[in-house]
Amino acid sequence: MSPSFKLQCHFILIFLMALRGDSRYPELREAAHHDPFLLLSASLKRELAGEPLYRRALRCLDMLSLQGQFTFTADRPQLHCAAFFIGEPEEFITIHYDLVSIDCQGGDFLQVFDGWILKGEKFPSSQDHPLPTTERYIDFCDSGLSRRSIRSSQNVAMIFFRVHEPGNGFTLTIKTDPNLFPCNVISQTPNGRFTLVVPHQHRNCSFSIIYPVAIKISDLTLGHLNGLQLKKPSAGCGGKGDFVELLGGTGLDPSKMMPLADLCYPFRGPAQMKIGCDNTVVRMVSSGKHINRVTFEYRQLEPYELENPNGNSIPEFCLSI
């Protein structure tokens, strides 16, 4: 498969494969009939910017990046459904139940997950999320409307649902709130600039870019001095309390990705690397003793860069697959 064709197919495949490998949830069988990326259009966002509340029907497999009210009504038994929500990096997502008409006793369900699950992998990973995995699932059939509003811990969230009876369904309102110190982020775009700040908090924060990209780090502030080196089995920053690592892989979970480089000392860049993986992550590990900050720019690699890797890159791991 050529790199250019692989890039074109990547997002479609990742959603067709959503949930595969996670035995707790069904596979999505109707993805080929829908376009889950319709609402990622920047022009559509501009057109709707002045609307008081955007409304539309929710599909069995859907992806939304707009605030608004969304209604799902089954026209036949819909057994394998999910909707993915994504906001800007500096936003939380709130899912509010306006109306729910499902038969929990008959096998229907409606579950919110705090983050995303793709191909059986979670973002944020269990190592990076503030809640244990079991608390990241909120089941309507268990809690009812006692938890009418559910807010995510980062800029992504999703729902799983199954509705057997035609005419049943639910209505949700999706809103966003500002997040002053975003920790775990999935980028909406293949190009951008971001500053990740962890202020005196003992936590790990990951910024995920689901594209092969060139990363340029222009500023890094940490609480100690060490070195920058490619990851080796016997070396790295793992013994330090504060560091940034670059990860690459084909899945979503940063804890299952390949460590490519560690950055263990404060500097003013640029430090640049091309990472030809399907998913690239900038991950900061913080001890809580310092204010840690990293600023980076990223851009999607061109097809010719994937075909002819050179310079500061990792061809043996990602660019060759």
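Here the Cβ of each residue, glycine as well, is placed from N, Cα and C on the backbone.
Taken verbatim from TrEMBL:
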- 1-24: signal peptide (SIGNAL)
- 53-177: domain 'Corticotropin-releasing factor binding protein N-terminal' (DOMAIN)
- Cys60-Cys81: disulfide bond (DISULFID)
- Cys104-Cys141: disulfide bond (DISULFID)
- Cys183-Cys205: disulfide bond (DISULFID)
- 185-307: domain 'Corticotropin-releasing factor binding protein C-terminal' (DOMAIN)
- Cys237-Cys264: disulfide bond (DISULFID)
- Cys277-Cys318: disulfide bond (DISULFID)
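Checking each of the disulfide-bonded residues Cys60, Cys81, Cys183, Cys277 against Cys104 (disulfide bond) by C-alpha distance, the shortest gap belongs to Cys81. Of all Cβ atoms in the shown protein chains, 15 besides its own fall within 10 Å of the Cβ of Cys141 (disulfide bond). Most Cβ neighbours within 10 Å, among the disulfide-bonded residues Cys104, Cys237, Cys264: Cys237 holds that distinction in the structure as shown.
A distance of 43 Å separates the Cα atom of Cys264 (disulfide bond) from that of Cys81 (disulfide bond). Annotated pair Cys277 (disulfide bond) and Cys205 (disulfide bond), C-alpha to C-alpha distance, rounded: 20 Å.
Closest to Cys237 (disulfide bond) in space, going by CA atoms and restricting to the disulfide-bonded residues Cys60, Cys81, Cys183, Cys205, is Cys205. Residue density at Cys81 (disulfide bond): 22 other Cβ atoms are found within 10 A of its Cβ, drawing on all protein chains shown. Confidence for the domain 'Corticotropin-releasing factor binding protein C-terminal' (185-307), expressed as mean pLDDT, is 85. Looking only at Cα atoms, Cys60 (disulfide bond) sits nearest to Cys141 among the disulfide-bonded residues Cys141, Cys183, Cys205.
Around Cys183 (disulfide bond), taking its Cβ as the centre, 23 other Cβ atoms fall within 10 Å, counting all chains. Cα-Cα distance from Cys183 (disulfide bond) to Cys81 (disulfide bond): 28 Å (rounded to the nearest whole number).
A 10 Å cutoff on Cβ-Cβ distances gives Cys205 (disulfide bond) a total of 24 other Cβ atoms nearby, all chains included. A gap of 29 Å separates the Cα atoms of Cys205 (disulfide bond) and Cys81 (disulfide bond). Fewest other C-beta atoms within 10 Å: among the disulfide-bonded residues Cys60, Cys277, that description fits Cys60.
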